[in-house]
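K.L.:
Have a look at this one.
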């Protein structure tokens, strides 16, 4: 195990499900004066994204939990983007944040950190500088290595990219390898960093949610009980339930076969 992530008071249980989440913590502590200041300020800005975007859910969850007024502007890059958007995000991707003060930010991790930092009393960024770098480590790892491998598994099965059985199998194996990093870390701990919920948990469950919605079926979850239990636990916390109407969860994953219908953007 990475000694930088050594367990503290581990309370993790691999068989945790929605029915057993009886001691889920409430929202992170929010100072009353901070809430009032945020309300008085009005709109914090706009977030260009699409509904249930894995890269936006965590941002929206944190913003709502601390009382930030963050407007969602619907934008699905797969359907094309308006001309003005290229000035905000030269790659035409989402999410993009445009603050009420004119600040423009791309990249979900940068946006999430900016939003979280608006609460001066937050516990979501850890209790030490070492906690903070571990939070960055987990979000970066998930947003790059994990999401990229998951996307290579899912996209050919939904018609977004050309289908190849061998390439899908390769992506499946690579995803399994990456998720193994989570599984090993969560064997003896409840959260990814320290002994309480952090931005790492919030952003990482959001980023992997499309896997649980399409490919991480019952058989797959049984092979990764700690990772799957952690996902269910965090997704059922009030901070996530406030923005996720129904936790993404599939009983039978997409088969490794050519898609039967043309791709439709969500």
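Using the three backbone atoms N, Cα and C, a Cβ is placed for every residue, glycine included.
What Swiss-Prot shows for this protein is this:
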type	residues	note
BINDING	93	substrate binding site
BINDING	93, 107, 108, 143	glutathione binding site
DOMAIN	43-123	domain 'GST N-terminal'
DOMAIN	128-259	domain 'GST C-terminal'
K.L.:
Can you grab the distance from residue 143 (glutathione binding site) over to the residue listed as 'substrate binding site'? Cα atoms, rounded to a whole Å.
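P.N.:
Residue 143 (glutathione binding site) to the residue listed as 'substrate binding site', Cα-Cα distance: 14 Å.
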K.L.:
Cα of the residue listed as 'substrate binding site' to Cα of residue 108 (glutathione binding site): how many Å, rounded?
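P.N.:
Cα-Cα distance, the residue listed as 'substrate binding site' to residue 108 (glutathione binding site): 11 Å.
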K.L.:
Rounded to a whole number, what is the top Cα to Cα distance in Å among the residues the record ties to glutathione, namely 93, 107, 108, 143?
P.N.:
14
K.L.:
Quick check: which same-chain residues outside 93, 107, 108, 143 lie with their CB within 8 A of the centre of the glutathione site CB atoms?
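P.N.:
My list of surrounding residues reads 55, 95, 106, 109, 110, 111.
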